[in-house]
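This report concerns only the one structure given below.
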Amino acid sequence: MSPLAAAKRLIVKIGSSLLVDDSTGQVRRGWLETLAADIAACKARGQEVIVVSSGAVAVGRRKLGLVPPLKLEEKQAAAATGQIRLAHAWQDALAHHQITVAQVLLTLDDSENRRRYLNARSTLETLLKLGAVPVINENDTVATAEIRVGDNDRLAARVAQMVSADALVLFSDIDGLYTADPRKDPDARFIPEVHELTPEIEAMAGDPGSAYGSGGMVTKLVAARICLSAGCRMAITRGEPMHPLKTIEDGGRCTWFLPNSEPRTARKQWIFGSMKPTGTLVLDAGAARALAQGRSLLPAGITEVSGAFERGDCVLVKDGSGKVLGRGLVAYSADDSRAIMGRKSGEIEAILGFRGRDELIHRDDLVMEG
């Protein structure tokens, strides 16, 4: 089975040079409809799909009569104009397959600020659970030069990391990684698989080569590094053919970046090895047994909360004797955790005034010792 077909959760990134006709500034609806059919086929076999789509600035600037190079405020105005047209194009294409589309606008801060990261992840998880296809773009309308991601390759990789995706496909104007830029060097050799981003691999990166696309091979290798560390497989391939996802499955040329671990394993390694605990939760015997059986940690099983931590921080989990059982990412702040400890999940809203997660630490965010 191909890495694409094996993915339970798939991210698809489309550059603006693929989605927007260079000569007219219009969305390439015929091509988009074939991609929508591919996405529908993925969903029909049980896969979850998230799209990261460029093109808002490219579409919007034509409508506003803006001529490149654009100032930051002109790009933002173009994005505001183009985003609504882009959303309609995606909605129309997927509606033919009875698929609900959700527009999500993100900035780099949403993926690096813990609170915003958790909110964005929760929203995306909920949309996927409800059967929708989230269509994500960088929020160019409010992003500044200092906080812009700068390319949707990197944004797509951050999203893949955020939702523990199994695979990310970067559609480009080139069919994969070569030892040199094949458009300039006839002796450039194609690289079908990469297992590690060595200095030699990084030296193979080329320059951007399309009128609209701002993501060259350099940004794609940055995305690959993020994906490999997150246990997510990533492909670089040409997006121009009709039915581009099906083309990959049918053996179309692409470069696969293959990690050594799965997303869930990589995420737990990150929690265990990279995050410093900022607090401690002490459990009763029943909660300790539940965790040993692979279940989530509920507020009812907490007997003591110590430390100062915020939602999304890492905390130690101990039993009543003080033995460390594990560590995990907590869904409530220290103050809120103290307020709901020992209480049933159904009481959370009445106590805190809002309804968050039922679990204090979800099992996917928990790493047990040993």
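Cβ atoms are placed via backbone N, Cα and C, with glycine included.
Given the structure is predicted, the values throughout are model-derived calculations rather than measurements.
If you check Swiss-Prot, you get these features:
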- LYS13, SER172, ASP173, SER214, GLY215, GLY216, MET217, VAL218, THR219, LYS220: ATP binding site (BINDING)
- SER54, ASP140, ASN152: substrate binding site (BINDING)
- 278-355: domain 'PUA' (DOMAIN)
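Mapped onto this structure are the features recorded in Swiss-Prot.
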residue	record	CB count, 10 Å
LYS13	ATP binding site	31
SER54	substrate binding site	28
ASP140	substrate binding site	23
ASN152	substrate binding site	26
ASP173	ATP binding site	19
MET217	ATP binding site	23
THR219	ATP binding site	21
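Listed in sequence order, the binding-site residues from SER54, ASP140, ASN152 having a Cα within 10 Å of the Cα of THR219 (ATP binding site) are ASN152. The shortest Cα-Cα distance from ASN152 (substrate binding site) to any of the binding-site residues (LYS13, ASP173, MET217) is found for LYS13. Put simply, LYS13 (ATP binding site) is 17 Å from ASP140 (substrate binding site) when counted between their Cα atoms. As a summary of secondary structure, the domain 'PUA' (278-355) carries 26 helix, 23 strand, 29 coil according to DSSP. Note: the Cα of LYS13 (ATP binding site) and the Cα of SER54 (substrate binding site) are spaced 8 Å from each other. SER54 (substrate binding site) and ASP173 (ATP binding site) have their C-alpha atoms 14 Å apart, to the nearest angstrom.
Secondary structure from DSSP puts ASN152 (substrate binding site) in a helix.
Across SER54, ASP140, ASN152, which the record gives as binding substrate, the greatest C-alpha separation is 11 Å. When secondary structure is read from DSSP and collapsed to three states, LYS13 (ATP binding site) falls in the strand class. MET217 (ATP binding site) carries a helical DSSP state (H, G or I).
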